[in-house]
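Taken verbatim from TrEMBL:
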- 1-33: region 'Disordered' (REGION)
- 1-15: compositional bias 'Pro residues' (COMPBIAS)
- 16-33: compositional bias 'Low complexity' (COMPBIAS)
- 90-223: domain 'Thiamine pyrophosphate enzyme TPP-binding' (DOMAIN)
Amino acid sequence: PPPPTPSPHPLPPLPSNTTNPLPHSPTTTHATATTRITITTLTQTLYATIPPSHLSLLRLPLGFHGPDLITTHPLSHLGQDGGAGTGSGPGNAVGAAVALKHAHPHLIPVAVLGDGDFLMGCSALWTAVHHKIPLLVVVANNEGYYNDERHQRDVARERGRDVGNAGVGTRIREPVVDLMGVAVAFGATRVVQGRVEQLGELRGALERAVGVVREGGVVVVDVLVWNEDMEEGGGM
């Protein structure tokens, strides 16, 4: 067959370098046992930042510890819907925030979401920004669909099998997703440049976030949350 005819409009060559490189994706740091953030210390810091009487938890992640919950009024925690594994968290959080804006504007609406749940429904942020619905989303980021990975680990141990493959198809790494970049793309406000990885950084980030929410803004704070399986080299 004859050789293909060259295009009359060839693409320009790729530049060898650029003066405006894309920002680097966040990478996992090796926090120490005293500086790392767990779901419990995240919860404690949240309550230290926002008095429980002024806080309404719209959603909580599957790994949340029930005894850490403080309830001082009927809207302290709005409960779960059983759909956290299907990305229902962001949409439900925005809907609940609408109700609080009109019926209980003195309450700070906070949704604590897993990173998997957040990624499956994060486009709901655009609706909150567009309609000026105050909302704080705290992503308890364990870099994976850890509920599924934990189940696979438990089953493997029960059957005497290697747990090394538990993270296949469940870890959200290589590359680590820039959740703040995703949130900003939908119009949300960032109060820190990257994600929060050290406990000492968390209180200040939450205080700044609450200030924006009180002014009617939508804020996402990405928080790296550790769990016990990281100690054995497993997924988060």
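Start at 1 and count along the chain as shown; that gives each residue its number.
Just so you know, glycine gets a Cβ as well, placed from its N, Cα and C.
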- Message: Can you break down the domain 'Thiamine pyrophosphate enzyme TPP-binding' (90-223) into helix, strand and coil residue counts using DSSP?
- Response: 64 helix, 24 strand, 46 coil
- Item | pLDDT averaged over the residues of the domain 'Thiamine pyrophosphate enzyme TPP-binding' (90-223) | 91
